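What Swiss-Prot records for T231, A232, E233, E285, S385 is L-serine binding site. Summarising the annotation, Swiss-Prot assigns ATP binding site to R262, S263, E264, E349, I350, S351, S352 and lists sequence analysis as the type of evidence.
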Amino acid sequence: MLDIKLFREQADTVKSKIELRGDDPKVVDEVLELDNERRQLIGKTEEMKARRNKVSEEIAEKKRNKENADDVIKEMRELGDEIKENDAKLNEVDNKVRDILIRIPNLIAEDVPQGDSDEENVEVKKWGTPREFDFEPKAHWDLVEELKMADFERAAKISGARFVYLTKDGALLERALMNYMLTKHTTQHGYTEMMTPQLVNADTMFGTGQLPKFEEDLFKVEKEGLYTIPTAEVPLTNFYRDEIIQPGVLPEKFTAQTACFRSEAGSAGRDTRGLIRLHQFDKVEMVRIEKPEDSWDALEDMTQNAEAILEELGLPYRRVILCTGDIGFSASKTYDLEVWLPSYDNYKEISSCSNCTDFQARRANIRFKRDAASKPELAHTLNGSGLAVGRTFAAIVENYQNADGSITIPEALVPFMGGKTEIRPVND
């Protein structure tokens with residue numbers, strides 16, 4: 001959520017930033033109009049309260065002097081009614097302002113490229129060279145079924161489309177990837193591992209920006225009023241919700257592996273086969289809570305943490321900056337890492353790393369103190385995939401496939417696969 005002071009002091013800047021996202025900048029004028037009404041109501045209420053205090057003194061004086069106080073008592077009651085009426089109006093205006101503010105996205109960083117869609121994202125780095133096969137490579141959805149690593153048909157019977165059973169070596173590979181990623185982040189990148197709730201309340205979803213705007217993308221347990229998490233960013237970022245972080249604690253670096261649940265509303269017909277776009281998938285997440293002056297360096301570092309996984313696994317990838325028309329609601333700047341998938345003959349998103357500045361912290365009321373005597377300040381929050389496990393699984397299967405139908409295990413994963421160096425057809 002944005003600070004209303006920005007609307008008062010930098011209205012033109014806020015308008016231009018909102019317009020860059022393709023949204024209507026008139027919302028700024030609406031906020032300012034309501035804010036002006038709000039301040040007038042506050043001023044009027046303060047005047048009435050001051051008058052009420054004076055009338056109270058007049059009543060007391062009249063009673064001391066044994067004079068008739070009926071007229072001032074009547075005025076006192078009228079003032080009380082007017083104050084209540086004004087407070088109700090003020091509460092209504094406050095709610096209107098808040099309802100607008102919570103739907104306005106974060107302000108975009110200065111170096112974010114302008115564009116209307118993902119086609120205008122800007123590549124800033126490329127690592128590795130896509131493999132040239134001397135045979136016709138297969139798509140991962142065919143390979144995993146041939147190798148008995150996954151069963152989409154039975155998953156559809158149990159749960160419907162966009163679900164999967166991972167079986168035998170498929171389950172082993174998924175677990176190995178999760179363990180490898182968590183080990184890398186905790187032992188080499190300095191993150192603290194967490195195991196989080198995977199059902200959260202509406203306040204938690206509001207804190208990270210999923211609610212109210214993106215409710216259709218979520219799965220909800222109606223009876224309990226809880227939501228399944230779309231990413232571990234949600235519980236990790238909200239760890240300090242409504243708290244003041246004490247001096248010396250920041251920076252905080254959290255990582256967690258969770259299942260993630262997404263309705264994929266609006267994605268009908270996209271990536272309908274395989275592991276790329278499921279309703280339920282595993283992901284290792286990184287979340288950082290930083291002092292404002294450190295958050296931009298933290299974004300670069302966190303992105304490099306995700307890149308280190310891809311490089312050690314030997315998976316070709318590229319880094320892009322998301323343009324103004326593709327960046328997420330809560331983010332000020334986002335890097336996407338896209339891994340090479342032969343079945344698409346293209347790069348596909350495998351990680352998204354964002355600096356949300358103080359946007360989520362204001363919604364979730366996450367503050368910190370620099371020292372014992374200082375006033376609390378809003379922290380900056382960052383999040384990044386480190387990595388999406390299912391997409392990493394798919395990338396390994398496709399990029400490490402062999403002509404005989406087997407899959408070579410990347411060297412970095414072998415210790416997490418119980419020493420297994422390849423996955424071969426079951427009849428071998």
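Placed from the backbone N, Cα and C atoms, the Cβ positions cover glycine too.
Positions of the features from Swiss-Prot, shown on the structure.
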residue	record	contacts (Cβ under 8 Å, 6+ apart)
T231	L-serine binding site	T258, C260, K283, E285, N383, S385
E233	L-serine binding site	T208, E285, V287, N383
R262	ATP binding site	D217, L218, F219, P230, H279
S263	ATP binding site	E216, D217, L218, F219, H279
E349	ATP binding site	D336, L337, E338, A388, R391
I350	ATP binding site	L310, Y317, L337, E338, V339, S385, L387, A388, R391, T392, A395
S351	ATP binding site	T303, A306, D336, L337, G384, S385, G386, L387, A388
S352	ATP binding site	G328, T334, Y335, D336, L337, G384, S385
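Proximity of E264 (ATP binding site) to non-local residues of its own chain (separation of 6 or more, Cβ distance below 8 Å) is seen for R162, D217, R277, H279, given in sequence order. Around A232 (L-serine binding site), the C-beta neighbours below 8 angstroms that are at least 6 residues distant in the chain are M194, T196, A256, Q257, T258, C260, K283, V284, E285, V287. Same-chain neighbours of the L-serine site beyond T231, A232, E233, E285, S385, judged by a C-beta within 8 angstroms of the site's C-beta center, are, in sequence order, V234, L236, A256, T258, C260, K283, V284, M286, V287, N383, G384. Remark: of the binding-site residues E285, S385, the most isolated position is S385 (fewest other Cβ atoms within 10 Å of its Cβ).
A helical conformation is recorded for E233 (L-serine binding site) in the three-state DSSP classification. S385 (L-serine binding site) falls within a strand when secondary structure is assigned with DSSP.
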